[in-house]
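So that you can see what the record holds, here are the features copied from TrEMBL:
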{"type": "TRANSMEM", "residues": "7-26", "note": "transmembrane segment"}
{"type": "TRANSMEM", "residues": "74-96", "note": "transmembrane segment"}
{"type": "TRANSMEM", "residues": "108-125", "note": "transmembrane segment"}
{"type": "TRANSMEM", "residues": "156-173", "note": "transmembrane segment"}
{"type": "TRANSMEM", "residues": "211-228", "note": "transmembrane segment"}
{"type": "TRANSMEM", "residues": "240-263", "note": "transmembrane segment"}
{"type": "TRANSMEM", "residues": "269-292", "note": "transmembrane segment"}
{"type": "TRANSMEM", "residues": "304-322", "note": "transmembrane segment"}
{"type": "TRANSMEM", "residues": "352-370", "note": "transmembrane segment"}
Amino acid sequence: MKEIISYFLKIGLLGFGGPMAHIAMMEEDLIEKRKWADREDFLDGLAVSNMLPGPASTQLGIYLGYLKGGLKGGILAGISFIFPAFVIITFLSYIYFKYGSIPQIKGVLYGVNAYVIALVGISLYKMGKKSITDKFGLAMFTVSTILVYFLKINLVLVLILGGVLGIVYYHVLPNKQNLFKNKKLYSSIVPVVLFSNLFSKMFLFFFKVGAFIYGGGLVIIPFIEQEVVENLHWLTKQEFLAGIALGQVTPGPVVITSAFIGYKMAGVLGAFVSAFAIFLPSFIFILAAAPYLRRFKNIPWMKAFLKGINAAVIGGILAALLSLIPGAIVDLWTVGIAVIGFILLWKYKINVFYGVAGAAILGVVKTTLII
């Protein structure tokens, strides 16, 4: 168990670059070098992690911990992976909400917020290219964008719609089968922890978000932006952008941004409740699926459901990006940062951490040295 804890603490502390970087690190270290599992098991785990809701790299880490040390190993792997990022984001949240009015801090966020637009744009393109492969996908993407951005329909409902239509289009119509022919479903009982007042709302909201994040950590953006900024008013749009930026600066899972929001609402305890709630579904889903891995990933209607959801998710991300642009792109300088960031990410595949650091420096230079 010590090896599991030490390895995932290390990757949680040094794993800059997002989920793709985490997955590459695990493949090289745990499969090539340490031989925790063979390549087929790794690829099976990666496939199911991408099919399940939740951040894929976190769930893959939990799965590999499960293969190495059983249920206990999976739980320890997930906690160790998340813990360093939680500590860092909580500290940065304290700095932001205490010193956010200092020009240097404002300058950092001025630059980084613009870079986030480029980062989300690149991720949107990459995920869209993989998820939208036919006319149905394009139609679902378009409908999702319209429903979420223009009509302000709850994204969870849009994703469910996408999944149901995906089953009809990809599974029922081609095979001419009854939608409910396969009645065997896998389920687990989720214990609900009740907190009073604000903590109850925070827990339930972030648990819901964690249970519907399909396609990677950045999919958290449309969920949280719509609810936390527009409906619940827990954060302003500028604070939300700052939270995304700080989440990108930290190593480990991107969805640790939830702790930033929790800290704003209720300090360190709020950060813990938010992070615990958003990651809890990942532990439940992957540990429940692990014993039935091969059977689960080959269920035809499940593949169709997730394919429909993936197209809807891309539309939700585009809607979130469109809503974030006015708060981040405020002048020609931020336009330049976003364009340069886009070029560096697209052409030169720059490490996310270096891009964020460069944008922060440019922001400080602009706000403190240039009139």
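Every residue gets a Cβ built from N, Cα and C, even glycine.
Looking at 74-96, 269-292, 352-370, the range that has the most CB pairs within less than 8 A of the transmembrane segment (240-263) turns out to be 74-96.
Within the chain, the transmembrane segment (74-96) has long-range Cβ neighbours (under 8 A, six or more residues past its boundaries) at 1, 4-9, 11-13, 58, 61-66, 68, 105, 109, 242-243, 246-247, 249-253, 256-257, 259-260, 263-264, 268, 271-272, 275, 279, 282-283, 286-287, 290. Sequence-distant contacts of the transmembrane segment (304-322), counting only residues of its own chain at least 6 positions beyond either end whose CB sits under 8 Å from a CB of the stretch, comprise 51, 117, 120-121, 123-124, 127-128, 130-132, 136-138, 140-149, 155, 158-159, 161-167, 169-171, 214-215, 218-219, 221-223, 225-226. If one looks beyond the transmembrane segment (7-26) by at least 6 residues along the same chain, the residues whose Cβ comes under 8 Å of a Cβ in the stretch are 34, 42, 46, 55-57, 60-61, 64-65, 76-78, 80-85, 216-217, 248, 251-254, 351-353. Under 8 Å from some Cβ of the transmembrane segment (108-125) lie the Cβ atoms of residues 96, 100, 216, 218, 221, 238, 241-242, 244-245, 248-249, 314, 317-318, 320-321, 324-325, 327-329, 334-335, 337-342, 345-346, 352, 355-356, 358-364, 366-367, all in the same chain and six or more residues away from its ends.
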